[in-house]
Amino acid sequence: MPALSRWASLPGPSMREAAFMYSTAVAIFLVILVAALQGSAPRESPLPYHIPLDPEGSLELSWNVSYTQEAIHFQLLVRRLKAGVLFGMSDRGELENADLVVLWTDGDTAYFADAWSDQKGQIHLDPQQDYQLLQVQRTPEGLTLLFKRPFGTCDPKDYLIEDGTVHLVYGILEEPFRSLEAINGSGLQMGLQRVQLLKPNIPEPELPSDACTMEVQAPNIQIPSQETTYWCYIKELPKGFSRHHIIKYEPIVTKGNEALVHHMEVFQCAPEMDSVPHFSGPCDSKMKPDRLNYCRHVLAAWALGAKAFYYPEEAGLAFGGPGSSRYLRLEVHYHNPLVIEGRNDSSGIRLYYTAKLRRFNAGIMELGLVYTPVMAIPPRETAFILTGYCTDKCTQLALPPSGIHIFASQLHTHLTGRKVVTVLVRDGREWEIVNQDNHYSPHFQEIRMLKKVVSVHPGDVLITSCTYNTEDRELATVGGFGILEEMCVNYVHYYPQTQLELCKSAVDAGFLQKYFHLINRFNNEDVCTCPQASVSQQFTSVPWNSFNRDVLKALYSFAPISMHCNKSSAVRFQGEWNLQPLPKVISTLEEPTPQCPTSQGRSPAGPTVVSIGGGKG
């Protein structure tokens, strides 16, 4: 427990003695921390993951994951402390119903406590203190708080830390408060940041001696003074660039812009694009050449908080050589909520590649739903589920006898997506989860390495389900490419590469017309969902009463599907793919039960008095 203290500092030892004592204490602390986290941290750092929380960079979070302890060690750096700071997690990044930890002062004494907020955002002391404060320290950079939190606490007021996206909330206290309950969240400088906290514990493979690097970077552009910008830049590979394997990539973020660069992707243009005009500018610019729309094959994707991405030692992603475009498109998403002006940037992605091709080519396969309006979400829904199938018939035909091995995944929906999950089904039984995000955000998409490689055999089924929220919409949301339309996709990265590039489904269009015919007969409203109209127009005409909603849900749960078992040429494998029955699932996976921490891992029931030294900030 930190020593009790007031704000004032006491006389100390000489500078040389203090420096020696400080360096010794830091060294001992790091040794203890590394030992406590052994097996969960790369050797070079006990806290390897870092993100800026606020746009100004005054709050920075570092962390590590201990799967043996089922806990996370957080270090929060407060560069300019005023009267305190608030940090925590909530379902979608709201201050309401949040799980919080708060450092505050009453003007005389500083306190640290586990807290929670109710539906109105009122903050309360949590009687079960699951954030364990380990150290408070002044450094040249500012004040650092080191604390520990279990993944799950079995406290109904707490957030369950799971695989996938976590919405972090933070707030800066500008003035003292007499008590925790007196803190008014509505008057705070608040913000949110999205991140994957539970990083996979995968050792970094050694790079081969012949590995080369290529930087795909923005050419010292000036970040536009607006909140959101997508910047596109075309890079051309050297003429005669032979076939290589990408084996690793990592972000290059211009120093000082860490809080502005939200995510980045590198795409390869379509093979038939033998020439693409050079371009550097906003992706929505009227000056953008149309040919850039054909640069959509993902080579690399990075999002805030992610570190380097490694391919398995036996596989690499092929690029260059015959049948491969020489043109790459970099897309950088700048998030500039403070509308900062005059900031130059050369961020991008560094590719590591080798001319010595590995045993297997890695491939990317699309799972989920076909981009079609026959799959729709009614308006004013809080959790409407759509499901796409990769059937046993397709995997039996398209996969090699030894199967494939999925090592990474990128989930994707548009604006109303809230959850995404892909489950592997074998012999009618849910076998394992490929990837799951219960707090998915369309504003935070990255290629994530899986904790465990998932092997898919011929005859297996892959089921991808997406949950949507359309509470703020008055009309049905149909499937399609538009940003106000919806998607449900899992781009899985696997090896060895096969001809199967797309394994997706949609409800049979004929059965959907039977739905429209049914509601025409059973609804008294003067509405015509007539077959001569487009499917989108038909959905627009539906009066969304409870009957029509329930019947649509039922239709999607039993009606036959149209399967798209497609090669990279967009041609389906030979076979009958229409009016296919839904795969049968006779048993499902049990929900994992969180481990409840012992009382030894908790702090005392009340606030902890802490020494933050150096005055009020």
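Just so it is clear, glycine is given a Cβ too, placed from its N, Cα and C backbone atoms.
The active site annotation in Swiss-Prot covers Tyr230 (among others). Under DSSP, Tyr230 (active site) is assigned to a strand (E or B) in the three-state scheme.
Among the features that Swiss-Prot reports, active site is placed at His412 (among others). When secondary structure is read from DSSP and collapsed to three states, His412 (active site) falls in the strand class.
Taken from Swiss-Prot, the feature Cu(2+) A binding site covers His262, His263, His333. If you take the C-beta of His333 (Cu(2+) A binding site) and look for same-chain residues 6 or more apart in sequence within under 8 angstroms, you find Thr228, Thr229, Tyr230, Val261, His262, His263, Met264.
Annotation source Swiss-Prot lists Cu(2+) B binding site at His412, His414, Met487.
If you look up Swiss-Prot, you'll see Cys154-Cys596 (among others) marked as disulfide bond, on the strength of experimental evidence. Here Cys154 (disulfide bond) comes close to Pro594, Cys596, Pro597: these same-chain residues lie at least six apart in sequence, with C-beta atoms under 8 angstroms from its C-beta.
Here the Cβ of Cys283 (disulfide bond) has 17 other Cβ atoms within 10 Å, regardless of which shown protein chain they belong to. Sequence annotations record features per position, and here Swiss-Prot assigns disulfide bond to Cys232-Cys283 (among others).
The annotation disulfide bond is assigned in Swiss-Prot to Cys269-Cys295 (among others). When other Cβ atoms within 10 Å of the Cβ of Cys269 (disulfide bond) are tallied across all protein chains shown, the result is 24.
Here Swiss-Prot flags Cys390-Cys503 (among others) as disulfide bond, drawing on experimental evidence. Contacts of Cys503 (disulfide bond) defined by a Cβ separation under 8 A and a same-chain sequence distance of 6+ are given as Met365, Glu366, Leu367, Cys390, Thr391, Cys394, Thr395, Ala398, Leu462, His564, Cys565, Asn566, in order along the sequence.
Taken from Swiss-Prot, the feature disulfide bond applies to Cys394-Cys565 (among others). In the three-state DSSP assignment, the secondary structure recorded for Cys394 (disulfide bond) is helix.
The disulfide bond annotation in Swiss-Prot covers Cys466-Cys488 (among others). Under the DSSP three-state reduction, Cys466 (disulfide bond) is assigned to strand.
Sorting each residue of the domain 'DOMON' (57-173) by its DSSP state yields 0 helix, 67 strand, 50 coil. The domain 'DOMON' annotation in Swiss-Prot covers 57-173.
Residues annotated as region 'Disordered' in Swiss-Prot: 590-617.
Annotation source Swiss-Prot lists topological domain 'Cytoplasmic' at 1-16.
Per Swiss-Prot, topological domain 'Intragranular' is recorded for 38-617.
Distances between the Cα of Cys232 (disulfide bond) and those of the recorded positions Cys269, Cys295, His414, Cys466, Met487 are shortest for Cys295. Apart from His412, His414, Met487, the residues listed for Cu(2+) B, the same chain places the Cβ atoms of Thr413, Gly417, Pro442, Glu486, Cys488, Val489 within 8 Å of the centroid of those Cβ atoms. When the alpha carbons of His412 (active site) and Cys295 (disulfide bond) are compared, the span between them is 18 angstrom. DSSP assigns Cys503 (disulfide bond) to a strand.
Long-range C-beta contacts of Cys488 (disulfide bond), restricted to its own chain and to partners at least six residues apart, with a cutoff below 8 Å, comprise Gly368, Leu369, Met375, Leu386, Thr387, Gly388, Thr413, Gly417, Val420, Thr464, Ser465, Cys466, Gly479. Taken residue by residue with DSSP, His262 (Cu(2+) A binding site) is part of a strand. Within 10 Å of the C-beta atom of Cys394 (disulfide bond) sit 29 other C-beta atoms, taking all shown protein chains into account. All protein chains considered, the CB of His262 (Cu(2+) A binding site) has 20 other CB atoms within 10 Å.
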